[in-house]
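Here's what TrEMBL has on this protein:
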SIGNAL    1-27  signal peptide
DOMAIN    76-414  domain 'Peptidase A1'
ACT_SITE  Asp94  active site
ACT_SITE  Asp290  active site
REGION    433-454  region 'Disordered'
TRANSMEM  579-603  transmembrane segment
Amino acid sequence: MTRFAAINTTFIHLFFLFTSTFSGVNPTSVLPNNRRTPLVFPLTLSPQIPDAKFRRNLQSKRVPPNAHMNLFDDLLSNGLYIGTPPQEFALIVDTGSTVTYVPCSNCDHCGHHQDPKFQPDHSNTYHPLKCNPDCTCDAENVLCAYERRYAEMSSSSGVLGEDIVSFGNQSELKPQRAVFGCETSETGDLYSQHADGIMGLGRGELSIVDQLVDKGVISDSFSLCYGGMGIGGGAMILGSISPPSDMVFSHSDPDRSPYYNIELKELHVAGKKLPIDPKVFDGKHGTVLDSGTTYAYLPEKAFLAFIHALTNELHGLKQIRGPDPNYNDVCFSGAGSESSELSKVFPTVDMVFENGQKYSMSPENYLFKHSKVRGAYCLGVFQNGKDPTTLLGGIIVRNTLVTYDRNSLKVGFWKTNCSELWENLRVNDTLLTPAPTPSSGEVSAPGRSPASAPDGVPSYVIPEIIKVGFITFAMSLSIKESDLKPHVSELFGFIARDLEVNISQVHLQNLASSTNGSLIKWAIYPEGSSKYISNTTAMHIIAHLAKNDVQLPETFGSYNLVDWKVEPPMKRNWWQQHYLIMVMAVILTLMSGLFVYGIWFIWKWRQQTIAQYKSVDSDATIPEQELQPLRL
């Protein structure tokens, strides 16, 4: 899978429910000035497969792209609920997709994803879309069909259906009927990804945004905020918000391209403008924002100028080979392992828009971690072949609240801590104030910056209502299983040391051979008799896993972290839940039985004793008769 800075889709499986912070307010009700309450949803980490790497470019002869690179933190953990009764799906947010789709029960070629396939027959409200002049029909001319093929050789195809769609039982968005894709075949990345499907936020009548807007549920705007390097988290906001006072905007022309575009005119490196013609960013589709793409791709002239300017600003770093020999990545070692310190080594890069406003990017917005060399980083900016389109993927907007104001035809950027944004929005409604209409004359209230996390605490936001039962992760080692088995006990110590837990909390779940060596799965359980891992401890463990901080001796060969997830407490059956009560009941019953038996035994013994001894009545005594002499 593509890495979002050496990272890719978590599944950290944080069990968030979608929630709007306006409790008691019906989002379908019209507010003063025709404003509607925005709906807020958390984004969460997706599982990591560092070795996998894909590059996607826009194609000219196809509909707006909706391939997805299993991004790091645009995964909705408690995603979409479809049908009656509802069936749950974890979806990946994609601004380049115009269709929302999930695997169908009759899918001939679908991968193994997080949740079971959609069962149309189990939904009382599902209706397939019949073939009509307004849609592309299937081979039998019976149902409406869709098909998407992508540059990285993945594809999705199936039929279109309509059903009740909801966003979790805590969401204030009432269930709505919506059209979605029921997959009958998927290939490539879509087949192998952990997430179930795609949530399409692009422009188009099948987009979930367009459908909700058409129903009058939300205003024509949404915002996304992705977490930083090795952190993740964030939020998606459906509906308009009052933008922070220092949010910068660029015009976005829907007639210019079918994608969300911005009017980029200049790039500055360390405050110095690149010596290139501004028209270089206006070729073909212009400058496109697409969360379905991980990295950034520049036209040739812009890319060469960017690389030259950047390397001139780097001092004391050594250029090294990239982690994947299939790609000629530009990487540097010697920068240190703390991503928060990168700004001391790498320069700031500015995007200047046509209106003169400037969006400043920190190093995490154009770098990703080298997966094999500690303290090394690679450029997440590449040349877009001979394609003149400028394509800006998710890496560009890390820790940035991006507002897609489709009603006002503009896109806004605001630097913030996206990992803490979701929790911050739950307690602070400043950002969630519905945006005033142009005619209202109101002034937008400035947004507040999210509160900083305590020192030493990673910025993974796990709400207190979430109970962490245990954490699992799998490692792929280059050493053979037979060679690893005698030394497995040593690994317990290394895992416990690097994750900063007691060795008693580390449990081996499985050890098996693999094509390249061995695959070993671990679990971190609560300490002692505790039922849960504290959220603070869980966040520390997650941070270490996300940053590949588990260091093993060379005797174990090289390793890759395959996947990791946070698990809820294990569900217990009736006996497990009540075994203590049952044991106590049995003990009390036995004790009661023994006590009753003891009382009965004593009574019985006394009765027997009384029967054996009979007192003599002196008045009834018969005098002993004298012996008569013996007669001969």
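Glycine is no exception: its Cβ is also placed from the backbone N, Cα and C atoms.
Rounded to a whole number, the C-alpha distance linking Asp290 (active site) with Asp94 (active site) is 7 angstrom. Note on the domain 'Peptidase A1' (76-414): its mean pLDDT in the predicted model is 90. A sphere of 10 angstroms centred on the C-beta of Asp94 (active site) encloses 27 other C-beta atoms. A sphere of 10 angstroms centred on the C-beta of Asp290 (active site) encloses 28 other C-beta atoms.
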